[in-house]
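Below: the structure, in structure tokens.
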Amino acid sequence: MFAKNNLTQTDMIALSGAHTVGFSHCSRFANRLYSFSPSSPVDPNLDPTYAQQLMQACPQNVDPRIAINMDPATPQTFDNMYFQNLVAKKGLFTSDEVLFTNKASQATVIDFANNPGDFSGAFVTAIRKLGRVGVKTGNAGQIRVDCTAFNS
């Protein structure tokens, strides 16, 4: 899908860096803490200390309104800490952590973790390209109230 829209793997990785700001409701990642697999309820790709912190913030059956920062270190700063978190096994979502565990993307994650300028430059390039993809106007599109679901 990314390639079809003239976006590269590096663009996808850079755009994922937007997870350095914002929050997530516990239900969006609870499977990594309580039901990852039959042999390991906790995702083995999570740092154990971080997993414990997440469990404290998001116990099973927690109020669905509870949310936590996606970046535990600098949650209100747009920086490359997201990538440093991935290297440290502190990616909140499986889709984030796989960027580090997959050999095809790991080198880029490490580069962005170690070189904030590389991440910033790549993000600017990628977000400009993304901004030109499938722009809808008028009644052809809508701004979602909740990014995970179409407006009703």
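Just so you know, glycine gets a Cβ as well, placed from its N, Cα and C.
The heme b binding site annotation in TrEMBL covers HIS19. The Cβ of HIS19 (heme b binding site) has 19 neighbouring Cβ atoms from other residues within 10 Å, across all protein chains displayed.
Other Cβ atoms within 10 Å of the Cβ of ASP71 (Ca(2+) binding site), summed over all protein chains shown, number 23. The annotation Ca(2+) binding site is assigned in TrEMBL to THR20, ASP71, THR74, ASP79.
Look at TrEMBL and you will find CYS26-CYS58 tagged as disulfide bond.
Summarising the annotation, TrEMBL assigns domain 'Plant heme peroxidase family profile' to 1-151.
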Message = For the binding-site residues listed here (THR20, THR74), tell me which residue's CB has the most neighbouring CB atoms inside 10 Å.
response = THR20
Key: Local confidence of the prediction over the domain 'Plant heme peroxidase family profile' (1-151), expressed as mean pLDDT   = 93
Request  = Just jot down the residues in the same chain as CYS58 (disulfide bond), at least 6 apart in sequence, with C-beta under 8 A of its C-beta; none if empty.
outcome  = CYS26, PHE29, ALA30, LEU33, ILE66, ILE68
Remark   = CA pair THR74 (Ca(2+) binding site) / HIS19 (heme b binding site), Å rounded to integer, equals 11
Inquiry  = Is it possible to get the count of other C-beta atoms within 10 angstroms of the C-beta of ASP79 (Ca(2+) binding site)?
reply    = 16
